[in-house]
Structure formats: structure tokens, C-alpha cells
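Before any comments, here is the structure.
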Amino acid sequence: MEVKNNIILALDLMDIIKSFELVESISKYINTIKIGYPLTLAEGLKSVTVFKENFEFNTICDYKVADIPATNEKIADLTFKAGADSIIVHGFVGKDSVAASCDVALEYGKEIFLLTEMSHPGAIQFLKGKGEKIAEMGLELGINNYVAPSTHLDRLSSIRSVLGKDKFIISPGVGTQGGNPNDTLKYADALIIGRSIYNAENPEIAIKEIIKEITV
Ligand code: C5P
């Protein structure tokens, strides 16, 4: 996946009109958006379809899919049917559940992102140290795309070591959660950024500043 300016917009607003206006205002700086539960639960899966139809963007659906295989299949199917290019799936639920999402992605000619570890402080409470094992499982399943945290650089770098340089890692936590863009891009291929852009008084100025800051 080619991510323009290495920035994926986390579109976590809960209003489709405001989301649309935001994306229009910064559309020349990005080509990839991530839609998660805030927008989808507020506006429905049509929010995925609307963005897919109106912008030539990569659309990643961040539904952190974490259920039994049969339910994961249904979630993935509805998501790809709505127009998503990829879906984020939790790794901690184990191989069968992840494989179920991969199989559906394959049917649509799409891909999944495997979530290895989270970026918030509580992430270390139960899951710390499991990211490498999840990454190894992803390699066994032939998965090319991963999510790993920018807020725990030691974890990100360790997960990159397991995956090798050819796998694609996207990394949340830059900006509001404390992650630094350049440090993160030493190990990740793209940054996921939400609040630092959409909560800024002027999102266009905010994204331009971030782009200027990126030197790697
Ligand atoms: O607003 P902020 O830039 O912190 O947004 C980060 C985005 O990445 C949010 O959509 C959040 O749900 C998501 N995310 C994360 N940590 C993960 C996986 C996803 O922050 N490990």
C-alpha cells in the first residue's frame, strides 16, 4: 500500500458531514483513511461506502475484529461489502479467528491488518510481550500488513525485527498519545494520526506541520 506523506487519517469523528468536510479540507495531503467504531456506530456502514465512492482513497476499517471464527467471517464480509480495502483484526484471539478474517479478505481480493499490540498505557497490562508471538502467527498465515504502537518504540522495533523489512507496519499513537513521527517511521511504514489533525483549529495547517516535521 502506498500511503501519501506516510499519514493515515484516523477519522474518529462521529458525524459524517463533519468527517466529509474534514477529509475534503486535507484531501490533497492524504490518500488513506481509517474508519473505526466512532463513525461507523454513529452513521452506519454507509460511512465506509460514502468515502469509498467520493474519494480515491485506501479505506482501512478499524473494527479490531476479535471474535470466534464464524462471527469474524460475518464482520469481515459486511465490511468488505461496504467498500473497505482492508480491515484491522486483533491477533490475541488466535490463529483460527484470524484465519477466518483472512479467508474472507481473500474472497474479496482484499487484505487484513493484524493488530499486534495496542498503543495506550493500559496495553502493557495484559498484552505486553505478546506482540512478537502474534507477529509470528501473522507470518505463518501469510499476512503482509500489521499494526504496532508508536508509543512503545521498544515494542514496535521488536515487532519489526520479527516481521522483517518487507512487511507493512502502520503505527498509531503519534501526536496526542505522545508518539513521535520520525522515531516511529524508523520502524513503521506509515503513521495513523487522528486527534492531532481533526481536533486542530485548522486541520490543514496541522497536517502540513506534521508533514514538515517528517524528515525520514
Ligand atoms: O487520535 P489518535 O491519533 O490518538 O488516534 C489513534 C487511532 O488509532 C484511533 O483511531 C485509535 O482507535 C487507533 N488505534 C490506536 N492504538 C492501536 C490500534 C488502533 O490508537 N493499537
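For all residues, glycine too, the Cβ spot is worked out from N, Cα and C.
On a predicted model such as this, the values are computed, not experimentally measured, just so you know.
Per TrEMBL, the features are:
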type	residues	note
DOMAIN	6-210	domain 'Orotidine 5'-phosphate decarboxylase'
BINDING	Asp12, Lys34, Ser119, Gly194, Arg195	substrate binding site
ACT_SITE	Asp62	active site, for OMPdecase activity
ACT_SITE	Lys64	active site, for OMPdecase activity
ACT_SITE	Asp67	active site, for OMPdecase activity
Translate the DSSP assignment of Arg195 (substrate binding site) into the three-state scheme.
helix
Other than Asp12, Lys34, Ser119, Gly194, Arg195, which residues of the chain come within 8 Å of the substrate site, judged by Cβ distance to the Cβ centroid of those residues?
Ala10, Gly36, Pro172, Thr176, Ile192, Ile193
Consider the active-site residues Asp62, Lys64, Asp67 and say which one has the Cα lying nearest the Cα of Gly194 (substrate binding site).
Asp62
Per-residue Cβ crowding (10 Å cut-off), top of recorded positions Lys34, Lys64, Arg195
Lys34
As a test of reading the model: what is the averaged pLDDT for the domain 'Orotidine 5'-phosphate decarboxylase' (6-210)?
97
Roughly how wide, in whole Å, is the group Asp12, Lys34, Ser119, Gly194, Arg195 that binds substrate, by largest Cα to Cα distance?
16
